[in-house]
Amino acid sequence: MSFRSHMEAALQEARAAAARGEVPVGAVIVAPSGAVIARAGNRTRELNDPTAHAEVLAIRAACAAVGAERLPEHDLYVTLEPCPMCAAAIGFARIRRLYYGAADPKSGGVAQGARVFAHPQCHHVPEVYDGIGAEPSAALLREFFAARR
Ligand SMILES: [Zn+2]
């Protein structure tokens, strides 16, 4: 299965984000061909943009690459459970499958909190697979926040 290597690519983006002083979250989007067409890490500080989460940046880049506002048959890998904003964006983008690593009890919006995909107002629900590469993703976040305390 290739999902491990795609999550590894997302983890690389998370590590790069940490090196930039950003919260270490990374995401990649995989086209139906199996090719990674977008990869991004958080850039909220660099861009002075509270919406510049890895998932949003990856979706924007993938849509630009495809030339469409939706990404049906595309899969998104992200190292951390998406927040409600990103979960909504994933629904708008019509992402086919969402793979995420660590659960996020503080800000997650998929398996807890807002549970965006559980509402009838959510018009597209991806298949969700959690816990992929959860441990290295969580460790990266722990190290990042421990260093800041
Ligand atoms: Zn988010």
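Using N, Cα and C of the backbone, Cβ positions are placed for all residues, glycine too.
Unlike curated records, TrEMBL annotations are generated automatically.
Copied over from TrEMBL, here are the features:
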- GLU55: active site, proton donor (ACT_SITE)
- HIS53, CYS83, CYS86: Zn(2+) binding site (BINDING)
- 1-111: domain 'CMP/dCMP-type deaminase' (DOMAIN)
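When pLDDT values are averaged over the domain 'CMP/dCMP-type deaminase' (1-111), the model yields 96. A distance of 6 Å separates the Cα atom of CYS86 (Zn(2+) binding site) from that of the residue listed as 'active site, proton donor'.
Over all protein chains present, the Cβ of the residue listed as 'active site, proton donor' has 28 other Cβ atoms lying within 10 Å. The residues near the Zn(2+) site, meaning same-chain residues not in HIS53, CYS83, CYS86 whose C-beta sits within 8 angstroms of the mean position of the site's C-beta atoms, are VAL25, ALA54, GLU55, VAL56, PRO82, PRO84, MET85, ALA87, ALA89, SER107, GLY109, in sequence order. Most Cβ neighbours within 10 Å, among the binding-site residues CYS83, CYS86: CYS86 holds that distinction in the structure as shown. Residue environment of HIS53 (Zn(2+) binding site) contains 27 other Cβ atoms, counted within 10 Å of its Cβ in all protein chains. Residue counts for the domain 'CMP/dCMP-type deaminase' (1-111) under DSSP, split into helix (H, G, I), strand (E, B) and coil, are 43 helix, 23 strand, 45 coil.
In this structure the C-alpha atoms belonging to CYS83 (Zn(2+) binding site) and the residue listed as 'active site, proton donor' are separated by 9 Å.
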